[in-house]
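Read through the structure below, which is laid out as structure tokens, and then see the notes.
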Amino acid sequence: MAKLRSATTTEGRKRAGARALWRATGMTDSDFGKPIIAVVNSFTQFVPGHVHLNQLSELMGETITAAGGVPKEFNTIAIDDGIAMGHGGMLYSLPSRDLIADSVEYMVNGHCADAMICISNCDKITPGMMLAALRLNIPVIFVSGGPMEAGKTKLANIDIKLDLVDAMVKGADESVSDADSDQVERSACPTCGSCSGMFTANSMNCLLEAIGLALPGNGTTLATHKDRKQLYVEAGARIVDLCREYYQKDNQEVLPRAIANKTAFMNAMVVDIAMGGSSNTVLHLLAAAQEAGVDFDMSHIDALSRKTPFLCKVAPATPEYHIEDVHRAGGMMAIVRELGKAGLVDMSVNHVAGSTMAELVKKWDATDPTNEAARKFYRAGPAGIRTTKAMSQECRWDEGDNDREHGCIRSVEHAFRQDGGLAVLSGNLAVDGCVVKSAGVVDDMLHFEGTAVVYESQDDSVEGILNDEVKAGDVVVIRYEGPKGGPGMQEMLYPTSYLKSKGLAEKCALITDGRFSGGTSGLSIGHVSPEAASGGAIAYVENGDKIIIDIATREITLALSDAELEARKQKQLARGKQAYKPLDRQRYVSSALKAYALLATSADKGAVRDLAKLEELS
């Protein structure tokens, strides 16, 4: 039987001081000996996806207490990528993932907590907590704050659904009137919750269901809906059960590394590809696999992408469907079910819910006419009322979406596309690979040949696009924005949004060693590895070079001979200490960001810390 970690601070006469401090937090004699559950919250008033998370604390605490645990809450930081977008604030977004992971480790190990409930929601917070959970390897359940309702308004007498990206595109489109732009802005983000499309936050919260660390409905039940209360209650009770399983029965199969094993990572990636998840998920799953000690890299993702169909097309790939529609169609359990029918995922894996994936999928099958609980659950829908209050409405669709031929979630036979929504490309421009969200690429752009227009920073690219330097047929190349070169690997949502506003989204490509928001669509290729700052070939591209992109063959090619590439390499090396650094870029880089850059690896490694370099320095 494993001993409670918290016994280190609660047992024996020599721990009188620690117990005295615990008593000052409200603990009593009856609490000592119970599992201490760290309620890892991320409430902040800066982020709509987190603005309501303080409303969950009391509920979670009451549930854990009733189940026989002792809840102790602390908070992490949370950066809103949408607000940090397009200025120096975005440099801090990806580095915050590691800071969050470290802060969770510090708090949990510093106080010897026995288990964790991770209340996350947005882009880097869920991955950061996931890294910590796999690093610590103690019982854990993730519960997100839930997705935002899709925005809705009427323009030109047409009812339309909206999200954050629409506000950005309309705001940059000079042909849109001030009144229409203002109307879209005011309608795009109507409630608390993570932004309403298949963007990074929702992608990660959905994948936690698929990898087995979050309960069904975690990724798709709206933040405003009362059904989330039951999700939180079940999670609070279940985490105490997991503590009993591990600490009293020595059942190590309930630990996160046992659940999120290689098979589970492969399952999650298949689901990710099938649902057209954000390309950032590749970055985060690679990083999480390293923390879990799982052999999972770009080659696995490439192989899976070639055989996984695209089953769920959601904004930003289409304006027709948002996350609320995915829930109506049966959520992640429905996608897993369709993939399972085709033998594309392993249904025997375990789950924090206490069953195999096969059992869980059957339990939550909303297509079963006799399964009233599942059918009701997946009909939870939006209320259309502006609010920041969680669990405040109980509207339901009149009926679910079980149309697997024409609906939001398709069967394999009726897939939107037989190759999936994410693809890994490689070639002389990206020897270690790069990633494209192919779900957002129109068929006419799956093969593209264009002329390079090179920028040394995102800021310069935005200025160039808005000043009409980019024309149809061009390939915008933005470099020195990788993990080390940025530093911080900024998202390029503004450049892609401005290409849309200029009518070039389906006429140009964009390539970067940075990354993209989950809200990006179009032929947007990121995570180019090695990055420019690490000597990658993207550093050698010059204006006017021909670049060939072929998603079907998974190739990306800079049309230069090996001899010319070598000549350009020597030209770069001749710059001495300035080699592989941007020309004339004016950017303040703080000591915190310099520390991040010192250990950052390229995107193909998940942009994690270079542990070999860390060992050299220690």
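Residue numbering: from 1, along the chain as shown.
From the backbone N, Cα and C atoms, a Cβ is placed for every residue, glycine too.
Here the structure is a predicted model, which means the values were calculated and not measured.
For Asp81, Asp123, Lys124, Glu491, the entry in Swiss-Prot reads Mg(2+) binding site. Per Swiss-Prot, [2Fe-2S] cluster binding site is recorded for Cys122, Cys195, and the stated evidence type is sequence analysis. According to Swiss-Prot, the feature N6-carboxylysine maps to Lys124. Look at Swiss-Prot and you will find Ser517 tagged as active site, proton acceptor, backed by sequence analysis.
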Distance [Cα-Cα, Å, rounded] between Glu491 (Mg(2+) binding site) and the residue listed as 'active site, proton acceptor': 5
Remaining residues near the recorded Mg(2+) site, that is with C-beta within 8 Å of the centroid of the site residues Asp81, Asp123, Lys124, Glu491: Ile79, Ala84, Met90, Ser93, Leu94, Cys122, Thr200, Asn280, Ser517
Neighbour count (Cβ, 10 Å) for Lys124 (Mg(2+) binding site): 28
C-beta crowding around Asp81 (Mg(2+) binding site), within 10 angstroms: 28
DSSP state at Glu491 (Mg(2+) binding site), helix/strand/coil: strand
Listed binding-site residues (Asp123, Glu491), ranked by Cβ neighbours within 10 Å, top entry: Asp123
Cβ-Cβ neighbours of Cys195 ([2Fe-2S] cluster binding site) (radius 10 Å): 32
Separation of alpha carbons, Cys195 ([2Fe-2S] cluster binding site) and Lys124 (Mg(2+) binding site) (Å): 14
Length of the line joining the Cα atoms of Asp123 (Mg(2+) binding site) and the residue listed as 'active site, proton acceptor', in Å: 9
Nearest recorded site to the residue listed as 'active site, proton acceptor' by CA-CA distance, among binding-site residues Asp81, Cys122, Cys195: Asp81
Between Cys122 ([2Fe-2S] cluster binding site) and Asp81 (Mg(2+) binding site), the C-alpha gap once rounded to whole angstrom: 8
